[in-house]
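Below is one structure, written out as structure tokens, with a few remarks after it.
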Amino acid sequence: MYTGRFAPSPTGLLHIGSLLTAAASYADARSNGGKWLVRMEDLDPPREMPGAASHILHTLEAFGFEWDGEVAYQSRRYALYEETLCRLKTAGLVYPCHCSRKDWQAAARRGADGFVYNGRCRHPGQRPAPQGKQPAWRIRVPDRDIGFSDGIVGGYAQNLARDIGDFVLLRADGYWAYQLAVVADDAEQGVTHIVRGQDLLVSTPRQIYLQQCLGVPTPQYAHLPLLTNAQGQKWSKQTLAPALDLNRREQLLRQVFRYLNLPEAPETDRPAELLDWAVAHWDMDKVPKHAVTPP
């Protein structure tokens, strides 16, 4: 059975880009007779906005979204992540890293998603472990392409050794890394289809590699076009995208429907009816492949 999900981070309130992702993932799930889960990706408490998680859920309800089951909170799933890391340790796929970011980035080159880790701690005994310092844990990556066929973008691949380097699964400060948590959660929740923004396209080969290492199924991916401002920057909390105005719910839903190339919806003042209409007219093949700049 199709199982999709929407996974916001409570570092801020939902904005127009969040609404586009929620609407597209919801329409794709419901049009395929599937489930739509909501998962709160609250892995990084220092970056979270107080009250944002409850506000996000209230906003989704106000826009007519109905999710299946209980909301999952990553902050309550640390035992799952610990068990997942233990499996990788047992398989000999991970190693402790005592490098500070400043330490290794000084001699590193840029790759597909920031600096490529240079492997300073990859081989046991290569560097003495500092006393009293907790390490990060990294996974060894292969020198080969990891590719997949995206439902919107098409073919996409990375050579993880060249483009990314061995990446962190557990940070030295004790916080779990996004890549491990999202793979563990998707597998445990039975997620089969992931519809999300193209800013996460670059993360997907890492997640597929982790899925291969853990022997869990790889979902089908579809990465949505980003909404960008006049400067070409993604609409986000960092670029000061305004929070969704609950007094303009119908107008905002119609706006994201246009960005997704849905036909014009009939007049109604009920957001849930607009979502039902989007489900009935959903066509992934018509979703734009490239960024959209709202007028």
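Each residue, glycine too, has its Cβ placed from N, Cα and C.
Residues or ranges marked as L-glutamate binding site in Swiss-Prot (evidence: sequence analysis): Arg5, Phe6, Ala7, Pro8, Ser9, Glu41, Tyr178, Arg196. The Cβ of Ala7 (L-glutamate binding site) has 21 other Cβ atoms within 10 Å, all protein chains considered.
Annotation source Swiss-Prot lists motif ''HIGH' region' at 8-18. Taken as a whole, the motif ''HIGH' region' (8-18) shows an average pLDDT of 95 in this prediction.
All protein chains shown were included, and the count of other CB atoms within 10 Å of the CB of Tyr117 (Zn(2+) binding site) stands at 23. Annotation source Swiss-Prot lists Zn(2+) binding site at Cys97, Cys99, Tyr117, Cys121.
With helix defined as DSSP H, G or I and strand as E or B, the motif ''KMSKS' region' (234-238) counts 0 helix, 1 strand, 4 coil. The motif ''KMSKS' region' annotation in Swiss-Prot covers 234-238.
Listed in sequence order, the residues of the same chain lying 6 or more apart from Lys237 (ATP binding site) and placing their CB within less than 8 Å of its CB are Thr11, Gly12, Leu13, His15. Annotation comment: Swiss-Prot describes Lys237 as ATP binding site.
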Return the count of C-beta atoms lying within 10 angstroms of the C-beta of Arg5 (L-glutamate binding site), excluding that atom itself. 26
Counting only residues 6 or more past its boundaries, what in the same chain has a CB within less than 8 Å of a CB in the motif ''HIGH' region' (8-18)? 38, 40-44, 47-49, 52-53, 55-56, 59-60, 197, 226-227, 234-237, 241-244, 252, 255-256, 294
Sort out for me which one of Cys97, Cys99, Cys121 has the most neighbouring CB atoms within 10 A, since those are the binding-site residues we care about. Cys97
Please report how many Å separate the Cα atom of Cys121 (Zn(2+) binding site) from that of Pro8 (L-glutamate binding site), as a whole number. 33
